[in-house]
Structure formats: structure tokens, C-alpha cells
Amino acid sequence: MEQYKQEFIEFMVESNVLTFGDFITKSGRRTPFFINTGNYKTGNQLNKLAKFYAKAIYDNFGDDFDILFGPAYKGIPLSVSVAMALDNIYGINAAYCSNRKEVKDHGDKGILLGAKLEEGDRVIIVEDVTTAGTSVYETMPILKSQAEVDVKGIIISVDRMERGKGDKSALTELKEKFGFKTCSIVTMEEVVEYLYKKNINGKVIIDDKMKDRINEYYKEYGVK
């Protein structure tokens, strides 16, 4: 596993973004782990997060893109900070673009923030975590309504590796539906592998009991 992936996993734990216990998801699933990206709150955290995204984007796409698109609302600060990180680390001067939930009728009018989309622009969608892919299904019509852009793919922080609407993961369903590349900084499989019996700040994050619970969860909800 790449060094930056290991560092990202520890970063999520230390930021209290990734926690283990007993939780209920929005869809009603009882899960032994929870990912709350709302706990990235400080400038330091966002700076580090953006660097992890930048490294994963470069690993998966190189410099084959022009614009980072961040779906509102969480994708807005992501697209901005990751664009800055790409410039700082790799010298890639990508633009950022996001959508508004409400269209403005004054000043900077329209549905988009940031760069104007033009025909042929190569776009990467930057998301936090996708379970059902809902925001992407909402994003694609917005992109196509603005210009005939070339969506190269989507990058998320963690692939939960759970079934979407059918027996496949949400990312796999998006790939099959739209034909673009789907990738993540890490997968939950990598997370569990790295954190099993791993001591962070004096605490073992995933012990045998938690590992068994995670395995049972994926027997029921994991991708086949």
C-alpha cells in the first residue's frame, strides 16, 4: 500500500472522521463503522486532505484534465483546495467549478461557480464519499447542459465497497452508467487491512471482535 494511503487512513482516524462502533446509516443499515467528512473543519485539515486527493488524482489521471468539478455543497471547498494542492505539488494549473443549489438572477448569474465550462473541457468530479451516487446522477445533467465536456472520471475519499442499487458498488454502477473512470484515495478493504491490530495514539483501532463485525457487515452488504 502506498505511503500516502497509510497516512490518509491515520489522518481520518485522528480527525475523528472514521470511527468504529455501532451506527445506523441513512438507508437504515446497521454498520460497525462511520465516515463523517463534516469533521474536516480546520484549515490545516483541509490542507492535508487536499494533498491526499491531489496525490490520488495524479496517480489515477496524471495531468489529463482541465477542470475539477465539486458538486454542491461539500464538493465546493474540495474542488478549490484540491486545485490549489495540484498546483503546489505537481504544477498542474487546473481550474475549479461547482454548481449552485439555487440559480442567481443578479450579479454573477447562473448555476455555476468558478470556471465556465466549454466544449471539450476534460473534467474530474471531486466528491467526499458516495453511497448511492445520487449527487453524480444530479451532476451529469448539469455538466452536459452547460457544454459538451469530457468527464474523465470521479474521485472520492473512501470507497465503502457496498452495494448500490443492485449487487454492485455505487462506483461500479456509475462507471457502467456513464463510462468514466471511478477511483478513491482508499477503499474500506485497504482501511481494514491497515488498521487491523494497528495501535494509533495508544489505542488498537480494529481488534479481532471489530474485525468479525466488519466481516459480517460485508457478507450482508458488500459487493459480490
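Keep in mind that glycine also has a Cβ here, set from the backbone N, Cα and C atoms.
Residues annotated as 5-phospho-alpha-D-ribose 1-diphosphate binding site in Swiss-Prot, with sequence analysis given as evidence: Lys26, 73-74, 100-101, Lys104, His106, 127-135. The orotate binding site annotation in Swiss-Prot covers Thr131, Arg160.
Taking each of the binding-site residues Lys26, Lys74, Lys101 in turn and counting other Cβ atoms within 10 Å of its Cβ gives the largest count for Lys74. Spacing of Lys26 (5-phospho-alpha-D-ribose 1-diphosphate binding site) relative to Arg160 (orotate binding site) is 14 Å (Cα to Cα, whole number).
The two recorded residues, Thr130 (5-phospho-alpha-D-ribose 1-diphosphate binding site) and Arg160 (orotate binding site), have Cα atoms 8 Å apart.
Summarising the environment of Arg160 (orotate binding site), the number of other Cβ atoms within 10 Å of its Cβ, over all protein chains shown, is 24.
Residue with the densest Cβ environment among the binding-site residues Thr130, Thr134: Thr130, by other Cβ atoms within 10 Å.
Across the structure, Lys74 (5-phospho-alpha-D-ribose 1-diphosphate binding site) and Arg160 (orotate binding site) place their CA atoms 18 angstrom apart. Proximity note: of the listed binding-site residues (Lys101, Asp128, Thr134), none has a CA within 10 Å of the CA of Arg160 (orotate binding site).
Just so you know, the Cβ of Asp128 (5-phospho-alpha-D-ribose 1-diphosphate binding site) picks up 21 other Cβ atoms within 10 Å once every protein chain is counted.
In this structure, Lys101 (5-phospho-alpha-D-ribose 1-diphosphate binding site) is part of a beta strand by DSSP.
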